[in-house]
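Each remark here refers to the structure printed beneath this line.
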Amino acid sequence: AWTDIRFGTFCIKGDCIFVLKHPHSVILPLQGQNFDVVLSSLPRQNVISTFTQTAHHARCCYYGNVNVGTDVSVEELREAYHAVVLSYGAEGNRSMGVPGEDLEGVYPAKDFVGWYNGLPSNRELNPGLDCETAVILGQGNVALDVARILLSPIDELKKTDITQRSLDALAQSQVRRVLIVGRRGPLQIAGTIKELREMVNLPDTKPEMVASEFEGMAEALKVIPRPRKRLTELMLKTAVDPPAEKERQRRQAASRSWGLRFLRSPLEVLAGPDGARVAGIRLAVNRLEGTGDGSVAVPTGEVETMDCGLVITSIGYKSLPIDPAVPFDPRKAIVPNSLGRVQQAAGLYCSGWLKTGPVGVIATTMNNSFDTAHSVVEDLTSGCLDATSAKPGSTGIGPLLDKRGVKPVSFSDWEKINQEERRRGAAQGKPREKLLDVEEMLKTART
């Protein structure tokens, strides 16, 4: 997505649209443009600039604050456009399915990330940070990012666009130790080296690893692929190798710590004396069956308990059905598709995590979107997608929304929000200070 997450969008060739719902759906037709040219000209380092150029194109229409499936149906979009691409991501949380996960102090990572990133739906989260130890379940990049935010010095966070409300709460945080727990071993960690390196180099923190969990890893380095090898080497260096003198002194002076814990699965979140707030978590100790990414965690029967006052679950997101007319696999939480072509729905496509499930990083998702775009182009070229008939496009959608009393946010409206957030941020020495209330956003957009 090439803009702010709250009003995000994609682009595509011909009378086609991408729809992103997070939490406000967007319709973006880009009629007649050569999509291969668009893809090849993308500046990889500045997606906001690229999106702005696209959104200002004469053949691009942007409709923000429109909920697809409520304000307009997918069938109505298909009647207006030759092709519709659903790309609204994965905004649902996966449940642990264990007792105690509804206790106070247990938060899905999606909500916690939304809180410090200024997502309006999470602005009232008010997480309890008055404890020493936090446990994060999951070892992907989101888990690492949450750990980094919890442990980063406030002076470092002040340089970012994190919301002032979150900054104030984090400034008062008592969290000094974060354990990042995964059900499998070091060779299956889902995070990437960039995010792990940020944790290793985080000021005023030290790693708290269990060296025995890395036994046999040095031998495994000989056969694993290079990206996984580099990641494992960094973990081994951090957990096992004696630090150099400068690093040793840095660790000794650190007031906070973080650590990876492997082969552990949640069994129960434990309540404190009041019966309402989390005080610990009971974990099953696992062993691995199989090798590499195909290995499976199997309980050994051994159980251990970690004391903690904060639990954040980062065990994955899931897509949600947006419209009854769109096929949906509830078990896999995806739209059934073949190379982005929605099954039994000619002219309907999908991309991103809605297409694949919540896997990969930004580059993975970007390449995934390219594959879907190529499917659209192939269908246009082969005639499988009939683009000869007249379709009204945005001229059909605009009046329909107006008739229903839906007032979309245009891209120029969004730019007013962007400018106001930057203005407020500059007054505080930050890149931006985000508006946290949708009504305030809309008022700013229409002023």
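Glycine is treated like the rest: Cβ placed from N, Cα and C.
Automatic, uncurated: that is what TrEMBL annotation is.
What TrEMBL says about this protein:
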type: BINDING; residues: V68, W353, G360, V361, I362; note: FAD binding site
type: BINDING; residues: Q139, G140, N141, V142, R183, R184, E195, G360; note: NADP(+) binding site
type: REGION; residues: 417-447; note: region 'Disordered'
**Request:** Look at the binding-site residues Q139, N141 and tell me which residue has the greatest number of other C-beta atoms within 10 angstroms of its C-beta.
**Result:** Q139
**Fill in**
Students should find that the Cα atoms of Q139 (NADP(+) binding site) and V68 (FAD binding site) sit apart, in Å rounded to an integer, by 33
**Message:** Roughly how many Å lie between the Cα atoms of V142 (NADP(+) binding site) and V361 (FAD binding site), rounded to a whole value?
**Reply:** 10
**Prompt:** Taking V361 (FAD binding site) as the reference, which of R183, R184, E195 (the binding-site residues) have a CA within 10 A of its CA?
**Reply:** none
**Request:** Between G360 (FAD binding site) and E195 (NADP(+) binding site), find the distance joining the two CA atoms and give it rounded to the nearest Å.
**Result:** 13
**Fill in**
Counting Cβ atoms within 10 Å of each Cβ, the densest environment among the binding-site residues V68, R183, G360, I362 belongs to V68
**Prompt:** How far apart, in angstrom, are the most distant Cα atoms among the FAD-binding residues V68, W353, G360, V361, I362?
**Reply:** 26
**Message:** Applying a 10 Å Cβ distance cut-off over all chains shown, what neighbour count does V142 (NADP(+) binding site) have?
**Reply:** 23
**Asked** Rounded to a whole angstrom, what is the largest C-alpha distance between any two of the residues Q139, G140, N141, V142, R183, R184, E195, G360 that the record assigns to NADP(+)?
**Response** 19
**Prompt:** C-alpha of G140 (NADP(+) binding site) to C-alpha of V68 (FAD binding site): distance in Å?
**Reply:** 30
**Asked** W353 (FAD binding site) to E195 (NADP(+) binding site): how many Å between their Cα atoms?
**Response** 20
**Complete:** N141 (NADP(+) binding site) and I362 (FAD binding site), compared by Cα position, are separated in whole Å by 11
**Asked** How many helix, strand and coil residues does the region 'Disordered' (417-447) contain under DSSP?
**Response** 19 helix, 0 strand, 12 coil
**Complete:** If we take the Cα of V68 (FAD binding site) and draw a 10 Å sphere, the binding-site residues of R183, R184, E195 inside it are none
